[in-house]
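Input: a single structure, listed below in structure tokens.
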Amino acid sequence: MQSLLLLATLLGSALGGAIPSQSANYNGYKVMRVSGDDTSKISHIVSKLGLETWKFPKAANANVDIVVPPKKVAEFEKMSHAAGLKKQVMHENLGDSIKSEMSFRPYSYGGANDTWFQSYHKYEDHLKFMQDFQSAHSQNSEIVTSGKSHEGRDITGVHVWGSGEKGSKPAVVFHGTVHAREWITTMTVEYILAQLFDDKEAGAALLEKFDFYIFPIANPDGFVFTTESDRMWRKNREQNEGGCYGTDLNRNWPYKWEGDGSTTDPCSETYRGPSPGSAPETKASTSFIKGLADGAGVKMFVDWHSYSQLFMTPYGYSCSARAPNDDVLQEMASSFADAVKAVHGTSFTTGPICNTIYQANGNSVDWIVDEIKGETAFAAELRDTGMYGFVLPPEQIIPSGEETWAGVKAMFSKLK
């Protein structure tokens, strides 16, 4: 258990907080997937070499995904061989993988069609997409902002509804790109937005019951930073003491803020911030959602992340606590996973956050359930479990959207 907690502490500590003097260069970096029956050996290598981890294990023999700089490859190979670890290469050259992924197509709106979903896009183009999408559905949508980011950007979303007065039905809130490098969530959340209108039967039925508030990029500063400076950036862009930057926005929500599922190290990727709800982005989100709760109420909240193919229920702060309606939540999560698998064969694991991925205090899902009494709340980890991790090829955007939309529809079918 101690070794797992050490790995959680080490997650991204080497590269997670310092601001680079120029754009981060990942040429020659390898991403290695390792596993072994003694996780303390992996912890030792990560600590000794000061390596970044993308993913750490819940149990012995589970995978750890490690980023290895060119100058440390030889020593990593030597130490991992001596430790008897199993190894696979995820990215032979991370820099090349990023270059391929960042082949952004010029923006030309023609509706939320396959062309848009065939590549990733810059922040400004996402804003144009949302504006154009709203204009195309002007009778049943509006642009909304939950507030301002640390650097002054609007946290922009689209509010869509069916017949009747806007805001009159219970709210469904979807957040994407809370962690800046998780680009597949941006595109998948936008795919869901599009399907609410393009899937004429199912989308219309949902809009008759709920008002949807879709925020594809809940961390705009961090997302811009990933497109301009460091593709692997996770946090927001607040400056911390000691020259490190960023708060983990999914450890900063003002509920069960302190605990083993985050850290006080301002250079760590799981830095929870100086106080509960301190980040401007968190303040904006909590204030906006409280307003919805005080109105027609919050029926569902989903925080979309990547990667690992998980669909999770409360809680993150505790591995023993369960939501009052846990049986309903588990049934909904299972229906999501079953529907996803039926589309492209993609397997999702379900269960409470703490038991399924790791302990995470100060997260959005726990806050939604216990602080504003949202009826249902989930955390998703989208594709993949294969060799790509955060740098998922754009060819997987549409399949991810297709299967996720199927899962969303199935989940709503279980909602009373």
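Including glycine, each Cβ sits where the backbone N, Cα and C put it.
Copied from Swiss-Prot, the annotated features are:
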type     : residues                                                               : note
ACT_SITE : Glu381                                                                 : active site, proton donor/acceptor
BINDING  : His179, Glu182, His305                                                 : Zn(2+) binding site
BINDING  : His179, Ala180, Arg181, Glu182, Arg234, Asn250, Arg251, Ser306, Tyr307 : substrate binding site
DISULFID : Cys244-Cys267                                                          : disulfide bond
DOMAIN   : 119-415                                                                : domain 'Peptidase M14'
SIGNAL   : 1-16                                                                   : signal peptide
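Taking only the Cα positions, the spacing between Cys244 (disulfide bond) and Arg234 (substrate binding site) is 13 angstrom.
When the neighbouring Cβ atoms lying within 10 Å are counted for each of the binding-site residues (Arg234, His305), the highest count belongs to Arg234. DSSP assigns His305 (Zn(2+) binding site) to a strand in the three-state reduction. The recorded positions shown are His179, Glu182, Glu381; of these, the one with its CA atom nearest the CA of Tyr307 (substrate binding site) is Glu381. Of the chain residues outside the Zn(2+) site list His179, Glu182, His305, Thr177, Val178, Ala180, Arg181, Thr185, Arg234, Asn250, Trp304, Ser306, Glu381 have their Cβ within 8 Å of the site's Cβ mean position.
Cα to Cα, Glu182 (Zn(2+) binding site) and Arg234 (substrate binding site) are separated by 8 Å. Checked against the residue listed as 'active site, proton donor/acceptor' by C-alpha proximity, the binding-site residues Arg234, Arg251, His305 yield His305 as the nearest. Between the C-alpha atoms of Arg234 (substrate binding site) and His179 (Zn(2+) binding site), the distance comes to 5 Å.
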